[in-house]
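The structure under discussion appears below in the form of structure tokens.
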Amino acid sequence: MKIHDFKNKKQEQKKISMLTCYDYPSACIIANSNIHCVLVGDSVAMAVHGHPTTIMATIEMMELHTQAVARGLGKQFLITDLPFLGHKSSQGHTVENVKRLLQAGAQAVKIEGADKDTCQTISHLVNAGIPVMGHIGLTPQSIHQLGGYKVQGKNSEQAETLLQQADALEQAGCFAVVIECVPQGLAKTITDSLVIPTIGIGAGPGTDGQVLVWHDMLGLQTSFNPKFVKKYFRAKDHFIEALNSYVQQVQQMHFPANEHSF
């Protein structure tokens, strides 16, 4: 998938599928699938490193995981999150951070928020030839400011703000925007108001595409079960079953068998 395919898919009313990925083996699996694009999300801090929020993601962490994913991917378009405060100090610092992610293998970066400074930074990056994906609604890097993981845009004032933010990101030059944890009616209204495609997570079926976290949709963990996640596989249960089978076969001396020995 190429950058121009995002807008083309919206025009053709073909839904976009995006999935997070954080490591080489997972990327190799995705490379053999029909997934359109991959996000090395700052959710890696939680899903892989065990932190309670995405705030703990660093540029070094994002760079390392981007390199690993890029080595395994095939035709999928690769986007990497700019981590917490990665674009807030200065434009020079932002450009340097983005440069590291692009050199690691990302084809675009995703930036959370749509305040005036963020939109100016996005415009600067786009003018420099760097594709940027926006992100509005529940923005996990601002979780303390938002007061927790809550649905955004539930009242008319918040809804109007999100509509304005989406427009501002489009005007800044974003090629797409993620809408997270927003009522489905509002997400559809935002989607219809934009030329660029929207990618929803917890935003209903009316967006131009969907994104889920690898570990969530495959059932690799069961302690986090948000309403918007559908588990397409029970990987954790199958993994535990395989581990226990291994232990049993070792104890019963069924492994290694002759075919596993020299």
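One-based numbering along the chain as shown.
Placed from the backbone N, Cα and C atoms, the Cβ positions cover glycine too.
Per Swiss-Prot, these features apply:
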type	residues	note
BINDING	Asp42, Ser43, Asp81, Lys110	3-methyl-2-oxobutanoate binding site
BINDING	Asp42, Asp81, Glu112	Mg(2+) binding site
ACT_SITE	Glu180	active site, proton acceptor
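The Cβ neighbour count for Glu112 (Mg(2+) binding site), using a 10 Å radius over every protein chain in view, is 24. Under the three-state DSSP scheme, Glu112 (Mg(2+) binding site) falls in the coil class. Note: Asp81 (3-methyl-2-oxobutanoate binding site) has non-local neighbours Leu39, Val40, Gly41, Asp42, Ser43, Thr54, Ala57, Met62, Val109, Lys110, Glu112, i.e. same-chain residues 6+ apart with C-beta under 8 A of its own C-beta. Same-chain residues at least 6 positions away in sequence with a Cβ under 8 Å from that of the residue listed as 'active site, proton acceptor' are, in sequence order, His135, Ile136, Gly137, Leu138, Thr139, Pro140, Gln152, Gly200, Ile201, Gly202, Ala203. Local packing around the binding-site residues Asp42, Ser43, Lys110 was summarised as the count of other Cβ atoms within 10 Å of each Cβ; on this measure the leading residue is Asp42. DSSP assigns the residue listed as 'active site, proton acceptor' to a strand segment in the three-state reduction.
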